[in-house]
Amino acid sequence: MSKIQLVAEAQLPTKFGIFRMVGFEFPDTHKEHAALVMGDISDSEHNPVLARIHSECLTGDALHSLKCDCGFQLETALRQISEAGRGVLIYHREEGRGIGLINKIRAYSLQDQGLDTIEANEALGFAADERNFAVCADIFELLGVKKVRLLTNNPNKIDTMREAGINVVERVALNVGENRYNTAYLSTKAEKMGHLIVHNHENKEHDQHQHGVCCSCQREQISE
Ligand SMILES: Nc1nc2c(ncn2[C@@H]2O[C@H](COP(=O)(O)OP(=O)(O)OP(=O)(O)O)[C@@H](O)[C@H]2O)c(=O)[nH]1
Ligand SMILES: [Zn+2]
């Protein structure tokens with residue numbers, strides 16, 4: 001398969017400030033990814049860039065689902081980049097950990113019957129995580145980013161970046177959005193997938209809760 005290429009760029013004003021949106025495409029498959037860039041990221045060698053690899057989650061990112069932590073992480077990452085005045089968010093379009101939206105809905109149906117997130121994937125014939133993060137290293141390279149402070153709880157993202165030559169100088173934890181509907185999902189990630197999740201009750205910075213959702217996440221008005 002040929003390498004992904006940078007194919008389009010434009011300004012994107014958001015509620016977190018004005019980003020440069022960069023579009024990437026594989027020439028053969030036309031599979032698309034995108035990145036939001038703020039500030040001057042060309043000097044990462046001397047001043048590592050705050051960065052997020054955010055895997056697509058239509059339900060969490062756009063439809064306000066409480067079944068996962070994705071939407072909360074997306075908002076927090078964009079806010080932190082905006083506060084830093086500089087950074088990159090790669091929107092990694094591998095919905096449902098790479099199984100796609102319809103299969104994720106099928107997995108959610110199995111979860112409604114009691115399976116956890118990994119068991120549901122496996123019952124559908126998939127691995128627990130089908131994502132390929134290597135493309136994100138290529139995207140960092142195309143953006144001229146060499147050293148990053150990576151916003152993630154997933155050690156696999158860090159390992160893959162380092163193997164691909166992107167220097168992750170720091171992991172910045174992203175523990176937001178825990179609520180009654182995703183506690184089991186977060187526990188499965190921590191216990192079975194090795195994610196570095198800190199639960200709200202252990203997280204001194206986030207010890208106030210409203211409506212079952214962590215105080216830090218700005219989506220406090222949730223009707224239950
Ligand atoms: N197959 C499947 N995918 C899910 C489920 N819940 C969320 N996802 C997808 O999981 C991806 C996010 O992965 P997570 O494991 O939550 O987090 P991560 O990106 O690995 O790690 P962080 O950087 O810490 O956010 C997105 O692509 C979501 O669409 C689920 O129950 N089943
Ligand atoms: Zn999600």
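Every residue, even glycine, has its Cβ placed from backbone N, Cα and C.
Unlike curated entries, TrEMBL annotations are predicted automatically.
Keep in mind it's a predicted model, so treat the numbers as computed, not measured.
Taken from TrEMBL, the feature domain 'GTP cyclohydrolase II' covers 7-172.
The GTP binding site annotation in TrEMBL covers R52, I53, H54, S55, E56, Q73, E95, G96, R97, T117, T152, K157. Residue environment of E56 (GTP binding site) contains 22 other Cβ atoms, counted within 10 Å of its Cβ in all protein chains.
The annotation Zn(2+) binding site is assigned in TrEMBL to C57, C68, C70. C57 (Zn(2+) binding site) falls outside any helix or strand according to DSSP and counts as coil.
Proximity of D129 (active site, proton acceptor) to non-local residues of its own chain (separation of 6 or more, Cβ distance below 8 Å) is seen for R97, G98, N121, N156, M193, given in sequence order. As annotated by TrEMBL, active site, proton acceptor applies to D129.
The annotation active site, nucleophile is assigned in TrEMBL to R131. Within the same chain, residues at least 6 positions away in sequence whose Cβ sits under 8 Å from that of R131 (active site, nucleophile) are S55, H92, E94, R97, G98.
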Spatial neighbours, same chain, of E95 (GTP binding site) - Cβ under 8 Å, 6+ residues apart: S55, E56, C57, L58, L101, K104
H54 (GTP binding site) and C70 (Zn(2+) binding site), distance between Cα atoms, whole Å: 8
Listed recorded positions with Cβ under 6 Å from ligand 2, out of C68, R131, T152: C68
